[in-house]
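J.: The annotation signal peptide is assigned in Swiss-Prot to 1-24. Under the heading topological domain 'Extracellular', Swiss-Prot lists 25-1235, citing sequence analysis as support. The annotation N-linked glycosylation site is assigned in Swiss-Prot to Asn282, Asn496, Asn571, Asn1023, Asn1057. The annotation disulfide bond is assigned in Swiss-Prot to Cys329-Cys360, Cys512-Cys544, Cys550-Cys561, Cys555-Cys570, Cys572-Cys582, Cys929-Cys956, Cys960-Cys973, Cys967-Cys982, Cys984-Cys994, Cys1163-Cys1198. Annotated domain 'Laminin G-like 3' per Swiss-Prot: 791-956, in sequence order, evidence recorded as sequence analysis. The feature topological domain 'Cytoplasmic' is assigned by Swiss-Prot to 1257-1305.
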Amino acid sequence: MDSVPRLNSVFTLVLSGLWHFGLTATNYNCDDPLTSFLSLRAFSSSSDLTGRSSPAQLNWRMGTGGWSPADSNAQQWLQMDLGNRVEITAVATQGRYGSSDWVTSYRLMFSDTGHNWQQYTQEGSIWRFVGNMNANSVVHHKLLNSVRARFVRFVPLEWNPNGKIGMRVEVYGCSYRSDVADFDGWSSLLYRFNQKTMSTLKDVISLKFKSIQRDGVLFHGEGQRGDHITLELQNGRLALYLNLDDSKAQVSSTAPLATLGSLLDDQHWHSVLLERVGKQANFTVDKNTQHFQTKGETDALDIDYELSFGGIPVPSKPGTFLKKNFHGCIENLYYNGVNIIDLAKRRKHQIYSGNVTFSCSEPQTVPITFVNSRSSYLLLTGTPQIDGLSVSFQFRTWNEDGLLLSTELSEGSGTLLLILEGGTLRLLIKKLARHGTEIFTGSGLNDGMWHSVSISARRNRVTLTLDNDAASLPPDTSWLQIYSGNSYYFGGCPDNLTDSQCLNPIKAFQGCMRLIFIDNQPKDLISVQQGSLGSFSDLHIDLCSIKDRCLPNYCEHGGQCAQTWTNFYCNCSDTGYTGATCHDSIYEQSCEVYRHRGKTAEFFYVDSDGSGPLGPLQVFCNITEDKIWMTVQHNNTGLTWVQGSNPEKPYAMTLNYGGSLEQLEALIDGSEHCEQEVTYYCKRSRLLNTPDGVPFTWWIGRSNEKHPYWGGSLPGVQQCGCGLEESCLDIRHFCNCDADTDEWTNDTGYLSFKDHLPVTQIIITDTNRSKSEAAWRIGPLRCYGDRHFWNAVSFSTEASFLHFPTFRVEFSADIFFFFKTTALSGVFLEILGIKDFLRLEMSSPSEVIFAIDVGNGPIDLLVQSPYPLNDNQWHYIRAERNLKETSLQVDNLPQSMREASEEGHFQFQLNSQLFVGGKSSRQKGFFGCIRSLHLNGQNIDLEERAKVTSGVRPGCPGHCSSYGRNCQNGGKCVEKHIGYSCDCTNSPYEGPFCQKEISALFDSDTSVTYMFQEPYSVTKNTNLSSSAIYTDTAPSKEIIMLSFMTAQAPTLLLYLNFSSQNFLAILLSWNGSLQIHYQLSKEESHVFTINTENLANRRVHQVKMSRDGPELSIQMDQQLFSYTFSLESEFQRARSLVLGKVTETLGLDPEVARANTLGFVGCLSSVQYNHITPLKAALRHASISPVTVQRTLTESSCVSMVDSDANAVTTVYSSTDPFGERDEREPLTNAVPSDLAVIGGIIAVVTFISFSVIGIMTHFFYQHKRSHYASQMKEKEYPENVDSSSRNDIDLQNTTRECKQEDFI
């Protein structure tokens, strides 16, 4: 390809850059006064106090001393004609000289023609200028966005309440020159190249346009190999098509790469800038920029022959175009520095033009805006009593509902209503004697586009036409006879009219109308404004103030924007965020926070930056008692085999963690420690080589850097863990695999340098030699500790504070932190701007104030607490401001919220440092602690700044005073350097908050015995001193707690042995009632029976028995019972405690022995005697505790067993099946009549002999089957993909089946 065009394109790009610089440079001196030399005729107004136009230049003192209208109301304005289009950069105002008349606020409007005005906007809203406070001072405003116009209009909004409207004004700027081309919708400009193909690596295309229609092509170019570029108006939005060297892509079939803008058919100027470098491009429309990457295979754009502007002409067919042409004006059209319109005006040979003129023709249409949905209306008159009716107009709106037209017909022919209902047009003709007729047409008409409506009626025929499409007629209109009325109400009805004159079954219309025709005659809306035609209320005439509130989209995190005329709304579904603008994450920032919310181990979504730009990431939170591990899986955690790789053809595997690197980095940076286990199995496959050699294997980390060290080693040291420990197989090497042996070996270790994690890729290059094999495994990313949640500082004096760089925020700001204090008041934080500010403070012990000003005036939100906030307990505060609302939340108290104004300042203007713990003036300082401060999801590291700040200390002790209540069931809160933990040593529960029950499943012969002869505490420290409970002195207090579930009665739950004869037994009797047997001595025995219901009902029941001296209380589930022993009763210390079956039955009480016969079949949980937890000791610390377990004790969950199959709890004794059918109404007894005792004895002897014979036979068959089963187990083969744990599960299930079968026999 010829290189000359490429050089030319680069050269023209440089020229275009100089051209843009030149435009910018001219603005430095664009501040000349523009009204000083205007004639009197240049000024006009809505009305004048003198009845004629008055000069109103700044500092004017003659005559009336400026302009004042005849009446001071919201419909007044002052206008000036500057003669030509100029660039306006500033305005200034004064009051009327020598009077009490001045304007305190106003709006600015501008126009090229004196019609179709446009309001000045700034920060995305219609700007409200601050005016004067007296008649003589000058208030000057520099326009942030300069405007180019010929006509300027000042519209007073507020004025001196003790005077009237009065103004003297000045406009500053400079002359403005431009090249303009007018396209009539049937013509175009062609820019033909000097060579066949123009090939560009970079492009800059800029222009301004104003359009009459919603559709039309602005420019187009294409090449024979598929390159094309097209900029096209589609439904009032600009669509850009751009493709580089892809013959498959066609303009007509592909979707646009970028779409920007909205309502661009408003006949106002809009700017466009396209900048492309290779495949990267920026597309800007009216200061809204979208970055994208082009399609195609190369970096060059190859355009053949020509570029067309205004349309896409068909070759060899003059006057024929592929798409709808542009209808409007284009200004300052530059293509890579070439002024296309200037070439056309000078009739250069490169330009071929159709019917294009070089001055912008302006259609004289006058739009009107219906502002208020309750009171806006327009009344126009027509010719009454004509046989028929004809009305037409155009409208645009965002609202689904509104009255468009209401008119009372003559000759009693009824009332005609045209309504927008749910975005559909509904025509209704109502007569008193009949129900009326209806016509429906269209849908989605609240899309902001202009829609034309025409109603034509003559005799009994009615036609409704929408956008040139006639609606279908109702089936029967023969009864209609329509005669035109005198009054036509558009948009709404006045309050003082009767229903017959104007009907409005729906709210008033909010939107714009234009081109109103009645009886085929156009209506002059300027005459309406001047009061000579019709009447109106709450209208803006000669102005369509429609605004797209969804451009830009202020719904964050992918929220979908919808709007009405006055507001916008965000749909946050499926985004993971909530709030008015989808700003607030619904997920927590770490596993530590989930733990603090009382969650247990499971999968969670973690949003590390909260309301920041990063989305949530799914992790597994393993919430245990010591460390809270957060695990992120990737797509290849299994063992992967590698063969055939060498340095020329390396093996590479990329790991995907289900999230972006930015998400993973935020997660890692917020953790105290992170690690990944890496393993390399090798046989004649080297891993790292020598420390100075080229590594054979390496991995890529977060920064896309190569890391030639392995798990267990340090960053920058090309070694494995065995190299640092000097334990490698070959001392000459620093990795086991580098020994290059013929035997399998491995190098395994943890990578824990956070700045390098996670592992994103592994590369292996030494598996291509003879007998060379390797396999690798990279474990998931695992982290623990939250560096942010417990990040706290203590302010020791009220004069101390921390300062940080300014808080960068545009539209949304949220602040979250915890605090605790004993002070009466204090400022938490403050940040200032020139006028704006943001401050949070505790104004009193029960009040928190969020004070904020973004330019619309200060707002104070107050939350009052019914309890004191200076109680030295942790409280949290969340404050937020967005475009929709401002809110303040303290703890779980009701939120204080205020909606934002529909128009006004949106963007924060904050530039000072962020002050935490006080104000910049060092007043109202905060005394106490602040913790976990987050601004817009970003953590503020308070502790690091406190290390270098006097009067502020890192950390804040005393978490247990606030969070100790989280440690439940006897757990003890323990202070830690970071946060706190719950010590469950003396609790029968476990888990982070001692909430997880410890349960076990008992068979009929299971026995758990705890001996009290040796002191024991459920810790790993066996050297603790003995408790007083182990002395011979009897305890004055005793507490016994347990939960049980069974279907067996009678049964023994717990047996506490004091001596050979004295005991305490908790059991269920034959009828399922609870009995407590208390044998204190040979002479003193007590039996307490609680006969509330049959407790052997497969449900979990709780028993709590508490004795304080002679007072005994027993709580059975929710019922409480009290007993009192005699004062002479003597209590002894316990020697042993048995759960389940008591194996040493000698001397056992007969009733207890009967309950013990069948043992206990069921589930026990949360067993505690004083601070001893025998079941916990048996399941968790059997090796260091004085506990003995006989037969099978299976850890389980009583609650889950209730929810699942209750038959899991069973017994082998079918004659007393605890789950058998039983009439609970029938009393049970163990009394046996004496005359049947002998017969029973004989039967028992015969039965015993029979069962002995059966038992011998059963034993024989069982041994035979057992040997057969063992041989089966030896021959059993497992699939290769079944791991050892799965094999154990299979074997366990098979064994259980065999045991059940034998038990049944």
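Residue numbers in this text run from 1 along the chain shown.
Glycine residues also receive a Cβ, built from the backbone N, Cα and C atoms like all the rest.
What's the neighbourhood like for each of these?
T.: Taking a C-beta cut-off of under 8 angstroms and a sequence separation of 6 or more, Asn282 (N-linked glycosylation site) has the following same-chain neighbours: Leu273, Leu274, Glu275, Arg276, Thr289, Gln290, His291.
According to DSSP, Cys329 (disulfide bond) sits within a strand segment. Non-local neighbourhood of Cys329 (disulfide bond): Val180, Ala181, Asp182, Phe183, Phe209, Lys210, Cys360, Ser361, each in the same chain, at least six residues away, with C-beta under 8 Å from its C-beta.
Of all Cβ atoms in the shown protein chains, 6 besides its own fall within 10 Å of the Cβ of Asn496 (N-linked glycosylation site).
Sequence-distant neighbours of Cys544 (disulfide bond): residues of the same chain at least 6 apart with a C-beta under 8 Å from its C-beta are Asn116, Asp266, Pro367, Ile368, Thr369, Arg396, Cys512, Arg514.
For Cys550 (disulfide bond), applying a Cβ distance below 8 Å and a minimum sequence separation of six or more within one chain yields Ser262, Cys561, Ala562, Gln563, Phe568.
According to DSSP, Cys570 (disulfide bond) is assigned to a strand segment. Within its own chain, Cys570 (disulfide bond) has Tyr554, Cys555, Glu556, Gly559, Gln560, Cys561, Ala562, Ala580, Thr581, Cys582 as residues 6 or more apart in sequence whose C-beta sits under 8 angstroms from its own.
All protein chains included, Asn571 (N-linked glycosylation site) registers 12 other Cβ atoms within 10 Å of its own Cβ.
Annotation for Cys572 (disulfide bond): same-chain Cβ neighbours under 8 Å, separated by at least 6 residues, are Cys555, His557, Gly559, Thr578, Gly579, Cys582.
In the three-state DSSP scheme, Cys929 (disulfide bond) is classed as strand. Here Cys929 (disulfide bond) comes close to Ala792, Val793, Ser794, Phe795, Phe819, Lys820, Thr821, Cys956: these same-chain residues lie at least six apart in sequence, with C-beta atoms under 8 angstroms from its C-beta.
Note on Cys960 (disulfide bond): other Cβ atoms within 10 Å of its Cβ, all shown chains, come to 18.
The number of other Cβ atoms within 10 Å of the Cβ belonging to Cys967 (disulfide bond), over all protein chains shown, comes to 22.
The number of other Cβ atoms within 10 Å of the Cβ belonging to Cys994 (disulfide bond), over all protein chains shown, comes to 22.
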J.: Check the Cα-Cα distances from Asn496 (N-linked glycosylation site) to the recorded positions Asn571, Cys960, Cys982, Cys1163 and tell me which is shortest.
T.: Asn571
J.: Going by a 10 angstroms cut-off between Cβ atoms, which of the disulfide-bonded residues Cys561, Cys582, Cys956, Cys982 has the sparsest surroundings?
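T.: Each of the disulfide-bonded residues Cys561, Cys582, Cys956, Cys982 was scored; lowest Cβ tally within 10 Å is Cys561.
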J.: Going by DSSP, is Cys982 (disulfide bond) part of a helix, a strand, or coil?
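T.: Its secondary structure by DSSP: strand.
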J.: Provide the number of Cβ atoms within 10 Å of the Cβ of Cys973 (disulfide bond), excluding the reference atom itself.
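T.: The Cβ of Cys973 (disulfide bond) has 19 Cβ neighbours within 10 Å.
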J.: Around the Cβ of Cys555 (disulfide bond), how many other Cβ atoms lie within 10 Å? Please give the count over every shown protein chain.
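T.: Looking across every protein chain shown, the total is 25.
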J.: Find, for the listed disulfide-bonded residues Cys360, Cys984, Cys1163, Cys1198, the residue with the lowest Cβ contact count at a 10 Å cut-off, counting only other Cβ atoms.
T.: Cys360
J.: Three-state secondary structure of Cys1198 (disulfide bond) from DSSP?
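T.: Where Cys1198 (disulfide bond) sits, the three-state DSSP reduction gives helix.
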J.: As a test of the contact definition, list every same-chain residue at least 6 positions from Asn1057 (N-linked glycosylation site) whose Cβ is closer than 8 Å to its Cβ.
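T.: Asn1057 (N-linked glycosylation site) has long-range Cβ partners Phe1063, Ala1134, Arg1135, Ser1136, Leu1137, Val1138.
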J.: Please work out the number of neighbouring Cβ atoms within 10 Å of the Cβ of Cys512 (disulfide bond), leaving out its own Cβ.
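T.: If we count other Cβ atoms within 10 Å of Cys512 (disulfide bond), we arrive at 22.
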J.: Averaged over the topological domain 'Cytoplasmic' (1257-1305), what pLDDT does the predicted model reach?
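T.: Summarising the topological domain 'Cytoplasmic' (1257-1305) by its mean pLDDT gives 35.
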J.: About how far apart, in whole Å, are the alpha carbons (Cα) of Cys1163 (disulfide bond) and Cys973 (disulfide bond)?
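T.: Answer for this pair: 29 Å between alpha carbons.
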J.: Among the disulfide-bonded residues Cys973, Cys994, Cys1198, whose Cα is within 10 A of the Cα of Cys967 (disulfide bond)?
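T.: Of everything listed, what lies within 10 Å of Cys967 (disulfide bond) (Cα to Cα) is Cys973, Cys994.
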J.: How far is it from Cys982 (disulfide bond) to Cys973 (disulfide bond), counting Cα to Cα, in Å?
T.: 5
